[in-house]
């Protein structure tokens, strides 16, 4: 009687264990998918898949197709088409499509041929445009993808190269020997100086208009060039006239100059003035036009 009760208890415990395991599987998130797109991290997908199916480690390591068959439902369309060809080739060669062989062939098919070089180029081009925490995350997304050893000095170089100028300077001063030390120095420096916010870019000299809304004055060189261009473009404007002061002829009347006249800023209005070298009392001289940097029109 007692033995029967113990057997029933063991069956109940076993059933309870199955129910709890099934409940745990229901709570699991969807398994990681791999679409085979350019830039998609194959190594991260492999790692995530092995973690997701950690309870099936024995099947994963077995010399059979069992585990590969399970994860094949986690492949996107283009990868699934490749998988079909992979299975066919294994059957033709009388090979078991094991998880180990699958990973090897997957890398060969979907990794760029020059992947290791491209990866280092991406690390070199990586630039900090956000907080130090976000930059470190982006850097650490790239670093584990390599299958070739990278020295600590090289890791520090790639990391330091993309940092803001002040943070990179701080790391150079401290001269850390490992990438982890470099990350700690950068994080501590930016949290102390920027409170965890993105570093501000150095201010650039403003070349736009002022807050008053008026156009910035043209440089003297620009005005002189404009004047000389107008003066040399067409000589038809030159007309002989008689000077009212000395009575001599052969004086040339010149162009008009545009200016703005106002007593106060809200009364500003455009005016036009003749440019003259002495034949008219109502004009201004070329020297004054250059000095005041006025616009000259025909």
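Note that Cβ sites are derived from N, Cα and C of the backbone, with glycine treated the same way.
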Review point. Looking at the ranges 194-234, 235-275, which is given as region 'Disordered' in TrEMBL?
Key: 194-234
Exercise for review: Could you give me the DSSP helix, strand and coil counts for the domain 'Ty3 transposon capsid-like protein' (70-189)?
Suggested key: 89 helix, 1 strand, 30 coil
